Amino acid sequence: MRVLILLCLFTAFPGILSDVQLQESGPDLVKPSQSLSLTCTVTGYSITSGYSWHWIRQFPGNKLEWMGYIHYSGNTSYNPSLKSRISITRDTSKNQFFLQLNSVTTEDTATYYCAR
């Protein structure tokens, strides 16, 4: 059995930094017990200039879960329920931030979003 991973484009709210775009990339499927690695590429704004940069996911049935964020300073905060399995890092030279979720199971089947 595989864990289904869906990626979607998530953009800023209209009228507020409307040229900022966030684009997720990574695998569509990950096998149970493997690690999920996703990339969020930000255009139109430097991730070191401000804000916190988040990962969230939406489960089948539309339940949302906040996973964690990396602050523009580089500090991170994680959902306590995921803390033992999650890491969020960044590459400031590429204006990207990353999600790694270890030891995935079928319960991690969701659509994954990055957001500001």
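Note that Cβ sites are derived from N, Cα and C of the backbone, with glycine treated the same way.
In this structure, C114 (disulfide bond) is part of a beta strand by DSSP. According to Swiss-Prot, the disulfide bond annotation covers C40-C114.
Each residue in the region 'Framework-1' (19-48) gets a DSSP state, and the totals come to 0 helix, 15 strand, 15 coil. As annotated by Swiss-Prot, region 'Framework-1' applies to 19-48.
Remote same-chain residues near the region 'Complementarity-determining-1' (49-53) are listed as 40, 42, 69-72, 77, 90, 97, 114-116 (criterion: CB distance under 8 Å, separation of at least six residues from the stretch ends). What Swiss-Prot records for 49-53 is region 'Complementarity-determining-1'.
Per Swiss-Prot, the feature region 'Framework-2' maps to 54-67. Within the region 'Framework-2' (54-67), the DSSP-based counts of helix, strand and coil residues read 0 helix, 9 strand, 5 coil.
Annotation source Swiss-Prot lists region 'Complementarity-determining-2' at 68-84. Sorting the region 'Complementarity-determining-2' (68-84) by DSSP state (H, G, I as helix; E, B as strand; all else coil) yields 0 helix, 7 strand, 10 coil.
Remote same-chain partners of the region 'Framework-3' (85-116), defined as residues 6 or more beyond its termini with a Cβ less than 8 Å from a stretch Cβ, comprise 1, 3-8, 10, 12, 17, 20, 22, 24, 26, 30-43, 45-48, 51-60, 65, 67-70, 74, 76, 78-79. Annotated region 'Framework-3' per Swiss-Prot: 85-116, in sequence order.
Residues or ranges marked as signal peptide by Swiss-Prot: 1-18.
Below 8 angstroms of C-beta separation, residues 38, 40, 78-79, 82, 86, 88, 99, 101, 108-116 of the same chain, each at least six residues beyond the ends of the region 'Framework-2' (54-67), sit close to that stretch.
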